Amino acid sequence: MKQLLCYLPWLLLLTLLVSPLNDARFVVEKNSLSVTSPESIKGTHDSAIGNFGIPQYGGSMAGTVVYPKENQKSCKEFSDFSISFKSQPGALPTFLLVDRGDCFFALKVWNAQKAGASAVLVADNVDEPLITMDTPEEDVSSAKYIENITIPSALVTKGFGEKLKKAISGGDMVNLNLDWREAVPHPDDRVEYELWTNSNDECGVKCDMLMEFVKDFKGAAQILEKGGFTQFRPHYITWYCPHAFTLSRQCKSQCINKGRYCAPDPEQDFSSGYDGKDVVVENLRQLCVYKVANETGKPWVWWDYVTDFQIRCPMKEKKYNKECADSVIKSLGIDSKKLDKCMGDPDADLDNPVLKEEQDAQVGKGSRGDVTILPTLVVNNRQYRGKLEKSAVLKALCSGFEETTEPAICLSTDVESNECLDNNGGCWQDKSANITACKDTFRGRVCECPTVDGVQFKGDGYSHCEPSGPGRCTINNGGCWHEERDGHAFSACVDKDSVKCECPPGFKGDGTKKCEDINECKEKKACQCPECSCKNTWGSYECSCSGDLLYIRDHDTCISKTGAQVRSAWAAVWLIMLSLGLAAAGAYLVYKYRLRQYMDSEIRAIMAQYMPLDSQPEIPNHVNDERA
């Protein structure tokens, strides 16, 4: 209950916002229906064109009316009743008459189409003026079949429906013509049309359908506009906040210019996500894109901006903002200063001329009713009814040309428009390598990073694309730095699976935009041995040695110019000779020492027989003593 009370002020505000629409003048778009037989009901009647399927604008269709005995409201599949309305070869198409009630109008037509009907007439069950059969509001399940409805449908009054049923039940063959040739005025050789749209991309099924239509129809719209065959103008529905609520939190979050211009909250949650005022500001920006582009004689640029903004700046990716919009504007070459001037200040307590004009245009004038349905397409001041789909809308536009003045596109199903020839379609391009991300398709140009010579470019396709994977260095050096001087070329591209730019040895920098030569001599990175003399070169260095020496780069040292192997051999020879010499000297010393020691002992032995030696103790001579 507390949560409900919090929302009561906003619910009251919504009531006040929509209350002016109660007096709105809604015009039901009609087509002519002529009964050719039987005579009892022969004549011309009005029918209301259904706002789905594909009405045959500019043409007519003849058929036989059938009223089923079962499933008369067409709320179930006719296959459940083993009923088929497929026409036999040579027979007129089948127009199925069904009753209103119990299910959506679109479901009735879908079930009839699956059973083989060529058109559907829905008989009203209320005695009232004709109304427009619209699609279900925000119904996901119905969206699956609505987009596949291709047959026309129309609502007839209760009284006329009863006449048709009575004639059929009486056994009469009821033949009639559905005529859309006058559904759209066709006074001259130029068609004027307008699309009431919205920049909100989170409002459900209808927003998805609208975005898809804009992307699909862009190519045809630009061909017609560039050829001067049409005059297109976009519009955006806005509301105002009653003066009593302008200071409320709800109005502040949903409105700009102090409550003058408002839009509903995209997520219907005032505490999170984007606010209604964000939508109003973007709507205003898109209106100003059209105005600025129209002043330069290129109003068709609006289609480029809207489709690019949808792709690049979606709400679900949190990119629905001015920064993303500015990047799209820049890529399309739109004057941002003129755009800002057109938008004005959304916080000012003043009327915004652009949005004020939009509010005034919502009110119907002449044969055109008030705009109350979003989206709404108006062709030659008549509201379009039917499926918002390229071929269907193109048929409606072509029916607005005076006879014999239709452009070639109306007489052919082929549409060719090479948008990449104008400003490269606003896509990324590398002029030096003649590579572009712009691809021209039937539905208009697409900005998609290309594959060149087997190398895949990656990026958003609008402002950035770079080669990736093996072989990427063969394409403009992989987007990395490269330079050539005096016959020497260096590149920072590393040919690996990952995208990488790395300055080569001898350079330093980011590898992408700049690599600077490293002064190995000044920074003492090489050639630092005592005998070395250093000289810096571009991307490298030169090192020389004093005297008869040779510089070894890997070891940063100087050696004799004689070959290393010869030097090693001589060193081995000298080592052997030195070893032999030392061995000989040692042997000689040992020999000399031993010989001397032997000779000393022999001499001492001889001398000891004749005289006492200093080292020999004196021995008494007992023989002489006895003789004495």
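Every residue, even glycine, has its Cβ placed from backbone N, Cα and C.
What you are looking at is a predicted structure, and each value in this text was computed from that prediction instead of being measured.
Among the features that Swiss-Prot reports, disulfide bond is placed at Cys420-Cys438, Cys427-Cys447, Cys449-Cys465, Cys473-Cys493, Cys480-Cys501, Cys503-Cys515, Cys545-Cys558, with the record citing similarity to another entry. Taken from Swiss-Prot, the feature domain 'EGF-like 1' applies to 416-466. Summarising the annotation, Swiss-Prot assigns domain 'EGF-like 3' to 517-559 and lists sequence analysis as the type of evidence. Residues annotated as motif 'Tyrosine-based internalization motif' in Swiss-Prot, with similarity to another entry given as evidence: 610-613. The signal peptide feature in Swiss-Prot is assigned to 1-24. Here Swiss-Prot flags 25-569 as topological domain 'Lumenal', drawing on sequence analysis. Annotated topological domain 'Cytoplasmic' per Swiss-Prot: 591-628, in sequence order. Here Swiss-Prot flags 570-590 as transmembrane segment.
Below 8 angstroms of C-beta separation, residues 485-486, 488, 490, 504, 506-508 of the same chain, each at least six residues beyond the ends of the domain 'EGF-like 3' (517-559), sit close to that stretch.
Among the disulfide-bonded residues Cys427, Cys465, Cys493, the ones whose Cα sits within 10 Å of the Cα of Cys501 (disulfide bond) are Cys493. Counting every protein chain shown, 25 other Cβ atoms lie within 10 Å of the Cβ of Cys427 (disulfide bond). Within the model, the domain 'EGF-like 1' (416-466) carries an average pLDDT of 83.
If you compare Cα positions, Cys438 (disulfide bond) sits closest to Cys480 out of the disulfide-bonded residues Cys480, Cys503, Cys515, Cys545, Cys558.
Comparing CA positions across the disulfide-bonded residues Cys449, Cys473, Cys558, the one lying closest to Cys480 (disulfide bond) turns out to be Cys473.
Residue counts for the domain 'EGF-like 3' (517-559) under DSSP, helix first, then strand, then coil, are 0 helix, 20 strand, 23 coil. The separation of Cys427 (disulfide bond) from Cys420 (disulfide bond), Cα to Cα, is 8 Å. If you compare Cα positions, Cys558 (disulfide bond) sits closest to Cys493 out of the disulfide-bonded residues Cys427, Cys449, Cys465, Cys493.
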